[in-house]
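Features reported for this protein in TrEMBL:
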- 119-253: domain 'Fatty acid hydroxylase' (DOMAIN)
- 330-492: domain 'Very-long-chain aldehyde decarbonylase CER1-like C-terminal' (DOMAIN)
- 26-46: transmembrane segment (TRANSMEM)
- 79-95: transmembrane segment (TRANSMEM)
- 107-126: transmembrane segment (TRANSMEM)
- 163-192: transmembrane segment (TRANSMEM)
- 306-326: transmembrane segment (TRANSMEM)
- 338-356: transmembrane segment (TRANSMEM)
Amino acid sequence: YLLLAPFAGHSIYSFFMGKDESRRDISYIFILVYLLMRMVHHQMWISLSRYRTAKGDNRILDRSIEFDQVDRERNWDDQIMLNGVVFYIGYLMFTQTHHLPLWRIDGIIITALMHTGPVEFLYYWFHRALHHHFLYSRYHSHHHSSIVTQPHTAVIHPFAEIVIYYLLFFIPIVVTLFTGTSSIASIGAYAIYLDFMNLMGHCNFELIPKWMFSIFPPLKYLMYTPSFHSLHHTQFRTNYSLYMPMYDYLYGTVDKSSDTLYEKSLEREAESPDVVHLTHLTTPESIYHLRLGFASLASKPHASKWYLWLMWPITLWSFLITWIYGTSQVVLRGHFSKVAYSIVLALCQGGIQVMLDGKEYKRLKAMLNPEAATNLIPSKSYASNIWLVGDGLSKDEQLKAPKGTLFIPFSQFPTRKARKDCFYFTTPAMTVPKHFENVDSCENWLPRRVMNASRIAGILHALEGWNENECGNMTFDIEKVWKASLQHGFSPLTMPSATESKA
């Protein structure tokens, strides 16, 4: 971003502050508009993909993604920044890029022909070469680490691969520039086409309707589908084409199950959940921490980011629209054993503070694993060193606590930290077992793969077939719930992963 900023700033200054209006070049400012458009385009696809995956219908693969995939794909904007630098340097070096017309039909036709011919042909054979064990182990395996593809997977490649791809994709642009047929429309439309097909093809749901191929049967050779490319990520040795499968058909590398998977994905219906957890946003900007928002934010505990303040106009607008027209939406869908659960966009309010006596402390200690119990209490005075607190704990009340007090909240919200000489435990939560699928986002302020107790209780009710309600002052057998949670693989948190010491 720092490398790109001077170019972007100069283009804005030249266009809006230039003295000679007749010399203002729309081609120069178009590069910045194009880069911003790419950023929005990518985010729209990742939000749509995660919404549709949570919804469940037309899903292609049942496998889940994990935090390592989210981390691996978080630098998806790197190639957009590189694209911008290359475009700006090209503009400054070649006069052919200056003062391009808005539209030229011959340039659009040449661009389409050059992509269908040289670009698709060369990509097909380069892609096959990448699957040779020598190149695959050193380069392309990084992209194929994502078995279940997301839109961002489309642009996650080693730098050397990205350079080759750019050289291929620049062929139509360079040809039209040096033949004098280029236009802003030809470059812009081609760039949008490349992103659209790339991002669409890496979705884990099928969205191309059958009627399109029925009306124009040759389309199956000119446009791939998400299920077609998904097979390349699961079978590895088939469906090599870029966006046009015609070369796979020509050279006999089409996966035999392509048509079957396509039709099966289109017919697939949404799965009915066994558990539904209703929740709501804690702050207007917390929507960006959902899986539907920014993937990298959703994969970390909730924290306020300075750059989200720049988006407050959009945040406020979306808040008003949701307030007027909003309905409940499924934002996350997971699987645990034979139970499916969904989180749908209610938390308890109010709180109390309780001083634990020695008996209750021993009971609490017995429920923690040895490591947690060892690090739980910094001194020997049980009665004055553990406070069980709720949402209503004020700063003044915290100041009354003895030094070294451990605050354990029982509410949905963590305690606001007012003391550096005290310890703060997390809200009621447990670590989920490894076989709990589709856990690729954090729950509010909790660490990764940690779930709050209310959701765990709901899942346990479904697993055990319990019909008892827990409303108001009605409480189910705590010991029974605790033992069931351990039997199903949930484990207690240790202090080092759930609290912060005064250091």
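Going from the start of the chain as shown, residues are counted 1 onward.
Just so you know, glycine gets a Cβ as well, placed from its N, Cα and C.
Any TrEMBL annotation is an automated prediction that lacks curation.
The average pLDDT computed over the domain 'Fatty acid hydroxylase' (119-253) stands at 95. Residues 4, 7-8, 11-12, 14-15, 76-77, 80, 83-84, 87-88, 91, 97-100, 102, 150-152, 155, 184, 188, 191-192, 195-196, 199-200, 203, 294-295 of the same chain, all 6+ positions outside the transmembrane segment (26-46), place their C-beta atoms under 8 angstroms from a C-beta of that stretch.
Listed as Cβ neighbours of the transmembrane segment (163-192) (distance under 8 Å, sequence separation of 6 or more from its ends, same chain) are residues 26-27, 30, 34, 37-38, 41, 82-83, 86, 94, 96-97, 100-104, 106-108, 110-111, 114-115, 118-119, 122-123, 126, 157. DSSP places the residues of the domain 'Fatty acid hydroxylase' (119-253) in helix, strand and coil in these numbers: 93 helix, 1 strand, 41 coil. Beyond its flanks by at least six residues, the transmembrane segment (306-326) meets 284-285, 287-288 of its own chain at Cβ-Cβ distances under 8 Å.
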